[in-house]
Amino acid sequence: MYINNQIRATEVRLIDETGKQLGVLPLAEALNLAKERGFDLIQVTERLEPPVCKLGDYGKYLYQQEKKAKETKKQDSGELKEIRLTFTISSHDLETRAKQAEKFLQKGNRVRITLRLRGRQNALEGYAKEKIEKFMEALAARISVKKERELKKEPRGLSIIVVKS
């Protein structure tokens with residue numbers, strides 16, 4: 001990314017500080033306009049011909065770019081980890097799994113909680129939902145979580161995806 005006198009193009013497509021396009025101008029004219037208004041001339045992209053330049057405060061522009069990068073990193077960060085529960089899980093095992101899910105969430109991962117149903121267990125879906133709700137309560141007692149995806153019936157059971165809130 002180039003600013004002011006570092007820009008090598010002879011002509012630039014200029015966008016002012018409000019986002020309004022000013023058209024294609026010679027570089028010298030664009031630099032003079034930037035000086036008059038008290039802004040920097042920031043080259044936004046090189047790919048186009050002529051390159052796109054924007055009037056604005058360079059420090060503020062860098063801050064906004066970093067903020068966008070952090071936001072995108074935050075969205076795609078974290079693997080999807082899975083905690084598998086069974087229909088007949090004991091309360092102690094439930095606590096152990098909640099502890100493991102907490103560790104995953106602390107590291108920034110998303111967690112899929114799956115309760116597998118086999119055979120006649122498919123008919124007892126209400127009981128299975130209660131088991132997942134108990135697990136969610138145990139997890140909520142340890143760490144604040146929010147549901148990324150609601151409880152969903154899948155071919156092999158029930159699942160829900162949670163993230164740290």
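Note: Cβ is positioned from N, Cα and C throughout, glycine not excepted.
Feature annotations, courtesy of TrEMBL:
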- 3-71: domain 'Translation initiation factor 3 N-terminal' (DOMAIN)
- 79-159: domain 'Translation initiation factor 3 C-terminal' (DOMAIN)
Residues in the domain 'Translation initiation factor 3 N-terminal' (3-71) grouped by DSSP into helix, strand and remaining coil: 28 helix, 23 strand, 18 coil
The domain 'Translation initiation factor 3 C-terminal' (79-159): DSSP-derived helix, strand, coil residue counts: 40 helix, 26 strand, 15 coil
